[in-house]
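As written in TrEMBL, here are the features:
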- 46-67: transmembrane segment (TRANSMEM)
- 252-273: transmembrane segment (TRANSMEM)
- 280-302: transmembrane segment (TRANSMEM)
- 333-355: transmembrane segment (TRANSMEM)
- 375-396: transmembrane segment (TRANSMEM)
- 457-479: transmembrane segment (TRANSMEM)
- 500-525: transmembrane segment (TRANSMEM)
- 569-591: transmembrane segment (TRANSMEM)
- 603-628: transmembrane segment (TRANSMEM)
- 640-662: transmembrane segment (TRANSMEM)
Amino acid sequence: MGGPLGAIIGRHPAAVGGGGEDELGGGGGGGDGGGIIRHNRRCRDLAFLVLFAAFWVAMIVNSSFGFNQGNPLRLTYELDYKGNICGSRHGDPDLHELDVRYWMNPNQVYQSGVKDNKINLADAKAICLMECPIPAADGLNFVCDYPEGDIRLSIDDWINRDYDYFEFLTPDMRNSSLQQQGPCYPVIFPSVNVYWSCQFIARASNVSLKHWQQMGGINIDENILIDKTIHKAINSKSSVLKRYVADIGKSWPVLIVCGGLLPLFLSVIWLLLIRYFVAAMPWITVVLFNALVISVTMFFYIKAGWLGNDPLTVVIGESDPYVHITGREISHLHAATVVMTVVMIIAFLSSIAIIRRILIATPVLKVAAKVIGEVQALIIFPVVPYFILAIFYMFWFSATLHLFSSGQVLRNDCNTDCCSYDLKLGKVNCDNCCGYSIHYTPHIGIAILFHLFGCYWATQFFIACSSTVIAGSVASYYWARGEISHDIPFVTVVSSLKRLLRYSLGSVVIGSLVVSAVEWVRFILECLRRKLKLFDSARESCFGKMTSSSSQCCLGCIDWTLKSVNRNAYIMIAITGKGFFKASVLATGLIMNNILRIGKVNVIGDVILFLGKLCVSLFCALFAFLMLDTHKYKSAHNKISSPLVPVVVSWALGFIVAKLFFQVVEMSIDTIILSFCQDAEEHQGNAQYAPPLLMETLDEQSELQRLTQGP
């Protein structure tokens, strides 16, 4: 262990007048200096603190790039043939009410789906409309290009005429339109609004087609490709990803309520219940956890269409009941439903398995409840990192929306042989057939990955800071028991926070960075594995599957071990003021010397606390489902493509908030047990400063350890 910690943690009086900056334990309980945790501390791991400062500068610069280059409208709405974003006020013309993309020339749509054809759907002529047009019941409707040039119509008049000014065309314009070169095109196929793009239905109107043929119009291709081509573009991976990110922006009220306010309220309630009804809380937690898992799973079944009559639909607004259109979002919901079913079964079986062990957790939780009762500021303190994280997440989510939409709108490079009528030039133009697309350069992908990594590192850092402050406060309670208890309730938390800010920020940075790095190695390896699997057309070998699974399993075990080691390292940092690596060695040695004492008592307590966090986060997910299941998020501009991402984000935010508050209990237990182990080692197995309740809890384990170690 490297020697006793008595002088470090303040059980022996300090020299008179030693109450300077090195005695930030404060409290005024000792008559000759008054420090609770006395140690000649100094700033540790400064190099990593500088690295963290540089990281924040990079985050700000990276986010500024997104705010300058991005436009969140691009995540929801598409481009017309001029490169305007549908629904944007800054288009030419003003498109703020025209948010649906419609492909005017059905032949171009068909040809873009034919194999080895030069034309691409991105180059097919598309304009922005208010709603998708439908064929006339007893005649022929036209959709004409934006009015300009010789067409003296305002945009409002054009909309009021259902985008049809065919009767105003000159003979040359009419002839050009009959050749499918514009400016007016026939509405032959019905279409529905699928995520703000008009999905053609390969079911031509016989009446409209007959009128078109009677007018002398050229042949229009009829084939299932007419809708498959559009569906493929709308349903591409990049389009789905953009819609998922857009869902976050549209559902921000849900995230504030279910990811911020609700978990705050539930976490505080849970801490208060632990304080006053500790004996019943393990049972309540297990029962509530199973009920919430079942409820969330049932909602997934409903939205996946496997239960009830309220499945997710990809169509915006009303649709033909005889037309069934699906998307990747629905298949993702099906996968999530299967996963939740497996989780529900495992949760139920695990709950049965730990019922007999729950009684062991109660005494441990009672010790934590005793600490919370005496150090009352611990219940209030997590509000501080909570508000810091809330401000950070609001900035981060805003920057995320802009970064994901920060591609450049550029004209496509194509060799399409096509012609269309140019209203400004007043003639058919064959030189301008390429459309516009949003192009993402590699550095944008790197910026997004850095942004995601930065969020994870910052979250781990703030949680680590909170853990260290709580550990310092609880350690002060343990080692100063009987000396300055009347000063404990509020002073120790402030003193522990001061020590962290002045001496140990660099050490906390290392711990959070190590965990974040391992998590991201896992993420990158998983992405590489998926890409290699896509490129490998042959069936993956058993050896390859086994290697991939074992590597992921090993990294998962390393990640879990690091998180456990970090938590104990933060405790030793708070107590001793050592650097991260030295504190990790001290904590690991102490745990290995007392593995029997710690294991049986601590593991089941951690399980109950973990279930408590899941209860809070699952309740947030359930409430998010209820909020998203309203008319506001099912229609018009606020319609989300899928409840999956907002629910998962609400769950994750709820878990993070619960972790901030639940670690008051978690760190109290770990800190007191580590302090007890150190106390017992320094006094030949008889802890001198342990509270009576803790002695009763660990008495059986102490006896077992002495029997196994021998005389």
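Glycine is treated like the rest: Cβ placed from N, Cα and C.
Automatic prediction, not curation, is the source of TrEMBL annotations.
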Proximity of the transmembrane segment (640-662) to the transmembrane segment (252-273), 3+ C-beta pairs under 8 angstroms: yes
The transmembrane segment (500-525) touching the transmembrane segment (46-67) per 3+ Cβ pairs under 8 Å rule: yes
Stretch-level contact, the transmembrane segment (375-396) and the transmembrane segment (280-302), CB cutoff 8 A, at least 3 pairs: no
Contact set, same chain, for the transmembrane segment (333-355): CB under 8 Å, 6 or more residues outside the stretch: 286, 289-290, 293-294, 296-297, 300-301, 303-304, 306, 312, 604, 607, 642, 644
Other parts of the chain folded back onto the transmembrane segment (252-273), taken as Cβ under 8 Å at six or more residues beyond its ends: 281, 284, 372, 379, 382-383, 386, 390, 397, 612, 615-617, 619-621, 623-624, 627-628, 633, 646, 649-650, 652-654, 657-658, 660-662, 664-665
Whether the transmembrane segment (280-302) meets the transmembrane segment (603-628): three or more C-beta pairs under 8 angstroms: yes
Long-range neighbours of the transmembrane segment (603-628), counting only residues six or more past its ends (CB under 8 A): 251, 253-254, 257-259, 262-263, 266-267, 270, 281-282, 285-286, 288-289, 292-293, 295-296, 299, 303, 354, 357-358, 360-361, 364-365, 640, 643, 646-648, 650-655, 657-659, 662, 665-666, 669
Residues from the same chain, set at least six apart from the ends of the transmembrane segment (457-479), whose C-beta lies under 8 A from its own: 9-11, 25, 27, 36-37, 52, 55, 59, 371, 374-375, 377-378, 381-382, 384-385, 388-389, 392, 396, 488, 492-493, 495-497, 499-500, 504-505, 508-509, 511-513, 515-516, 566-567, 570-571, 573-575, 656, 659-660, 663-664, 667-668, 670-672, 675-676, 679, 689-691
